[in-house]
Amino acid sequence: MERKYKQFETRVIHTGYDSKEHLGSLSAPIYQTSTFTFETAEQGERFFAGEEKGYIYSRLGNPTVSVLQEKMAELEEGEACLAFGSGMAAISAVLLSLTKTNDHVLVSQGVYGCTYGLLKLMEEKYNITHDFCFMETSEQIRSLIKPETTCIYIETPINPTMKMIDIEMVTNIAREYSIPVVVDNTFCSPYLQKPLQLGCDVVVHSATKYICGHGDVVAGLAIGSQELMSKIAMTTQKDIGGILAPFDAWLLIRGLKTLPIRMDRHCENTMKLVEWMKKHPAIKDVYYPGDTSHPDYEIMKKQMKYGGGLFSFEINGSKQDVQNFLNHLKMIKIAVSLGDAETLVQHPATMTHSVIPEDVRLSMGITDQLIRLSVGLESWEDIRDDLQQGLDHLTID
Ligand SMILES: *Cc1c(COP(=O)(O)O)cnc(C)c1O
């Protein structure tokens, strides 16, 4: 597809918006309106019949939301994008549009907790079954594909263990069976990883995270072919209705302008902290795909620009030691979510992954000692010093 602006850094700022169409307003206006007026009854008829393009009602389309959608379609190098009121609204709209009763979904081992919940709900209500797969080898994937498999759904890197899946390996197999592949690209953003270029069919995002970047919006996005996005727009988006508000779209448009420079800083800070932490005596292990000693480093290099702004680590100690450490942090905030300017820390075993039965959780590598850090945009030395003084409170055997 022809792109007006060649470079990503330019597209985040200019794509999808022309100030000439908006009285010269440099910033995209917020069209805070529920509905749009028709000039004549006949025009209304043509809009509804699809014979003429125009805005009808904000659940069906809104000019501020359109700017965001056009930008994100270009940034992910897809044909079309739809914006939603949360990452889960985007994920559920996509999964429900790709499946019907008695279908099967093949899922990467380790997905976002509510995606796991959604899959369970789909099974209970509609008998849409699923299997989890580590997807380390093509044999593992092939052995779980069934005649009724209509979707392969993956997340990479996998939260919070930071294992990676080779997207191209998955999409090559999926193509043989004509099964669409959906990739949750939340942890990377299109600046670090472009799954559509690696052969996947749909990219979904929790735009709440790096796309927004400032911890002040909950939003979701789906990017894919015009055909599929139009279908979703007229079914699981229009009729279930999880749309994005114009003001939230505007905040995301603003956040996107600094995505490349924010991601560079997130990644640089993370690299430095990982290097420092690997040498710390209170630390048992550090998991970061951008680290050359990570088992999936080669996959990371193949499909990501840098290793990202998240890493996890295990301390030498107990659950109480973990909580003691977290309680002594001064600048770093204890919170789930990620991708914000502020460094955030959370304890997966008692927070994001606490609903998973203990044996399953442990088999996924999520121990009581595992801590996940979303590295912020502060000075890396200040983050390090806060981690250091927190770790000083641990008694090392
Ligand atoms: C946060 C998150 C989601 C859910 O997004 P919401 O915006 O909270 O609905 C989905 N996938 C991943 C990887 C996430 O981190």
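Cβ coordinates are placed from backbone N, Cα and C, and glycine is handled just like the others.
TrEMBL annotations: computationally assigned, not manually curated.
Some features that TrEMBL has for this protein:
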| type | residues | note |
| --- | --- | --- |
| MOD_RES | Lys209 | N6-(pyridoxal phosphate)lysine |
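Packing around Lys209 (N6-(pyridoxal phosphate)lysine) is summarised by its Cβ count: 23 other Cβ atoms lie within 10 angstroms of its Cβ, all protein chains included.
According to its DSSP assignment, Lys209 (N6-(pyridoxal phosphate)lysine) is coil.
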